[in-house]
Amino acid sequence: MKTIIALSYIFCLVFAQDLPGNDNSTATLCLGHHAVPNGTLVKTITNDQIEVTNATELVQSSSTGKICDNPHRILDGINCTLIDALLGDPHCDGFQNEKWDLFVERSKAFSNCYPYDVPDYASLRSLVASSGTLEFINEGFNWTGVTQNGGSSACKRGPDNGFFSRLNWLYKSGSTYPVQNVTMPNNDNSDKLYIWGVHHPSTDKEQTDLYVQASGKVTVSTKRSQQTVIPNVGSRPWVRGLSSRVSIYWTIVKPGDILVINSNGNLIAPRGYYKMRTGKSSIMRSDAPIGTCSSECITPNGSIPNDKPFQNVNKITYGACPKYVKQNTLKLATGMRNVPEKQTRGIFGAIAGFIENGWEGMIDGWYGFRHQNSEGTGQAADLKSTQAAIDQINGKLNRVIEKTNEKFHQIEKEFSEVEGRIQDLEKYVEDTKIDLWSYNAELLVALENQHTIDLTDSEMNKLFEKTRRQLRENAEDMGNGCFKIYHKCDNACIGSIRNGTYDHDVYRDEALNNRFQIKGVELKSGYKDWILWISFAISCFLLCVVLLGFIMWACQKGNIRCNICI
C-alpha cells in the first residue's frame, strides 16, 4: 500500500510540471504606476474627493508672528502715529526726515501735543504713507506784524511750552493782528505738500486775546483749488487741560503753481513743505514685533511666505502676497491617481498591472514594469514616461502663483463717521471681491487637478500601448495591465521591451508555436489557473482514494495480505 501511495504522489508531481503556469517557455510582463499606502484627497471638476499619491497645499494659513525687516524697509512707529510724526509732535521728533517702505503703526501710539483733528485724516494718512518719506524743507514765509512760534503747556518740549515742530502758531503782536497775505511759488519739479491749520478757541475772550478780531478767517488757495475755514469758537471736551482745538488741513502745490495764504487771525501756518514722492510705500496697523528675517509679504499678523498662491491669514497685506481667500485649504494634485497596492496576490504570488492596483515602493519613477520569467521576478521604472508627466506637473504651481500673487498692497480703508455709507459700500465691494476670488480659486484648483489626473492616466495608457505595439502577436493582453509573453524571455529580453529595442520578429515563430500548444490546454476563464490547480488536486485525491479502496477490498477477499509489524 505504501508503495502505491508513493507512486501516486510521484505521478502527481510529475504531472504538475506540465501545467501551463510553470512553463519556462513563457513570461509575464506587467505595467503599473506608483502608489502610496495613504494618499491625499483632492477636489476635481467631476469628483469632490479623489485620492492622489501626492498633493501640495496652496493656502498659506499661518504667519511667522513677526514682521520681517528684509527686503522691505520697515519703520516702526512705536508710540507715534504717522500724522503725529508728520506734524512734529515733540515725542515723535526722532522720525524727522525718515524714509520707509512700510510704516507700522502700533495700537499703543498716542498724541502728546495740542489737541487736534484732521477733517480728511484717512486721505492725508494714505497720501503721506504712499510717499514713503518725511523729508521736510523749511521755507522763509514772511509773516509781518504778528508774533510767531506760539506754544502751549499741553505740548511740552523739554521743560518749555511747545508746539508742533512743522507748524508755526501766529498770534497778535501787541494789540494788533494785521491781515496776512503771503505767496510761495513752486519752482521745483515735484509736488509740494503743505500742512497748515486753524485754531478754534474755547471762548470769545480767548479769541480776542490771541487774535484781536472777534472772528477770524483763513483762506489757502492755488491755481487749482481754494479752501476757506472760519474758526468755530466754543468749548469742547477737555484734553490735556485744554478745551480748544486745532484743525489740520493740507494743500498740494504742483510744479509751476503758487500757494497763496490769506488770514486775519487763527492761522496755524506752515514752516515749509514735504517732498512728495511716487511709489508703493504704505502703512499698516500691527502689533507684531519686527524681526530679522526675509519675506516679500507682510500682514498685520506678521510676515508670510509667498510661495503659495493663496492665503487666509489677513485681508490686509503689503508686498508680493498670495491672494486672500476664505478657504482654509486648497490642495493641488502633484501626483497621479492613487490606487493602493493589494497586500495579497494569492498563494502563488501572481503579479498584477495598473488595471487592478498601483505599486508601492517605486521610489525611482512613477511608471514602470514588473516581470516574471525563468530567472525570477523583477521591477524597473520607466523614466521617460515619468519625466514626461513630471515636466507638465512641475510648472502648475508656478503658473497658479503667477496668476494670483498681487504685486501691490491691499491697505486698510478708513472713513470718517459722515462717510458711513461709503464705508458700508466699500466693505460690500471688498467682501464681494473676496467671495469671487474664493470661488475662482476653488474652480481653478479643481480644473488643474482634473487635468493632472487625466494627464497621468494618459501617460500610463501611452506606455501600455507602446508596449503592446512592440510585442504584437508574441504576447496576449491579460486584461489587468499585464502581457503573457509566449516565448522564453530572459531579463535581457525584458530589458529590450522596456527600452524600446525589442524585435518581435526574432521571437515570432517560437511565440506562435507556444501559443498554439498552450491554447490547447488553457481555459479561457480569468480563473483558469485556479480551476486547473483545484481540478488537479481533486484528481490526485480521488486517485489515492480509489487505490486505497481497491487495496482494502483486495485485503478483505484474501487476494492481498497485509502484515503490520510493531
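From the backbone N, Cα and C atoms, a Cβ is placed for every residue, glycine too.
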According to Swiss-Prot, Cys493 takes part in a disulfide bond; indicate which of Cys482, Cys489 is its partner. Cys489
If you count other C-beta atoms within 10 angstroms, which of the disulfide-bonded residues Cys113, Cys293 is the most crowded? Cys113
Closest to Asn79 (N-linked glycosylation site): which of the recorded positions Asn38, Asn54, Cys92, going by Cα position? Cys92
Sort the recorded positions Asn54, Cys493, Cys555 by C-alpha distance from Cys297 (disulfide bond) and give me just the closest. Asn54
DSSP state at Asn142 (N-linked glycosylation site), helix/strand/coil: coil
Using Cα-Cα distances with a 10 Å cut-off, which of the recorded positions Asn38, Cys293, Cys321 are near Asn142 (N-linked glycosylation site)? none
